[in-house]
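Undergrad: Sharing a structure with you now.
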C-alpha cells in the first residue's frame, strides 16, 4: 500500500509541477543537449491524451525456467496505472506512465517511465509500433531500491486501444534465474 501511495504522490507532484510551470520556455534551465528531451516530455505531458494502463500477463520463458519454478511464479501480473501520450508530427508515439502490478512473486511492483515507438500505419485505425522504454522500478527482492532500466517495447494500436509487450531479459545461470519474462499490458486513451 505504501508503494501505491508513493506512486500516486509522484504522479500528483509531476502534475502540480507541470501546472505551476508558467514560463513560455519550461526547458530553459536544462543543459542544451538535453533540451529536446525536456521539450518532448513537456509536450507529451501538456498536449498528450490521458491514458489508463492495465496489465494481466507475464510469461516466464519455458526454455530458461524449470517446470517447478514456473509453477511457483505468478503469471497473472494484475495491475494498472495512468499516463499521458501523443503521436508526434511524424506519427511516432511518445508516452509517460506510472503503473503498479503484481510481480512474479505476487509483490506489488511500481514503475514510472517514458516510452517511444516508431510506428507504421496499417490502415486508418490500425498502427504497429516498435521502440523502447526507459523506466525506474523497485522490487521487494532488491530491497525496494529504485532500479533504472531500458527495455524493448512493441505495440498494436487500434483506435483508442493499445496492446503492448516488452521482454525483460535476464540470467539463466542455474540457481540464479531472473528476468526472461514477456510482459503484456494494455492501454486505453481517454
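From the backbone N, Cα and C atoms, a Cβ is placed for every residue, glycine too.
Here the structure is a predicted model, which means the values were calculated and not measured.
Below are the features I grabbed from Swiss-Prot:
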| type | residues | note |
| --- | --- | --- |
| ACT_SITE | 60 | active site |
| ACT_SITE | 103 | active site |
| ACT_SITE | 104 | active site |
| SIGNAL | 1-18 | signal peptide |
| SITE | 69 | site 'Role in lipopolysaccharide recognition' |
Undergrad: Pick from 60, 69: which of these recorded positions has the biggest number of other Cβ atoms within 10 Å of its Cβ?
TA: 60
Undergrad: To the nearest whole angstrom, what is the C-alpha distance linking residue 104 (active site) and residue 60 (active site)?
TA: 9
Undergrad: Does residue 103 (active site) have same-chain partners at least 6 apart in sequence with Cβ under 8 Å from its own Cβ, and which are they?
TA: 58, 74, 77, 109, 139, 140
Undergrad: Determine the Cβ neighbour count for residue 104 (active site): the number of other Cβ atoms within 10 Å of its Cβ.
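TA: So the Cβ neighbour count for residue 104 (active site) comes to 22.
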Undergrad: Hey, how far is residue 60 (active site) from residue 69 (site 'Role in lipopolysaccharide recognition'), Cα to Cα, in Å?
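TA: Rounded to a whole number, the Cα-Cα distance is 9 Å.
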Undergrad: Give the three-state DSSP assignment (helix, strand or coil) for residue 103 (active site).
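TA: DSSP assigns residue 103 (active site) to coil.
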